[in-house]
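Annotated in TrEMBL:
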- 25-92: domain 'Ig-like' (DOMAIN)
């Protein structure tokens with residue numbers, strides 16, 4: 001968001017320069033860990049990113065997961081979290 005043209009003006013003269021900011025990639029600082037849970041319980045997956053509030057997608061296999069009664073998805077600062085409620089054998 002800092003990319004753009006900047007200038008300095010004295011009233012009689014002006015100088016301009018462009019700023020181009022190359023965004024760094026979002027990396028995982030803390031990876032997901034394998035979990036075990038009893039049927040009917042809840043399980044939480046959590047990972048830590050190098051950037052605040054980065055766009056993330058949660059997936060089970062190739063299926064993208066969305067917030068609903070079963071899946072609670074949170075993104076707070078550097079931490080992305082998925083809670084699966086009322087787990088069933090099909091959730092493995």
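One is the number of the first residue shown, and numbering goes on along the chain from there.
Note that Cβ sites are derived from N, Cα and C of the backbone, with glycine treated the same way.
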**Item:** the domain 'Ig-like' (25-92): DSSP-derived helix, strand, coil residue counts
**Value:** 3 helix, 28 strand, 37 coil
**Fill in**
Taking every residue in the domain 'Ig-like' (25-92), the average pLDDT works out to 96
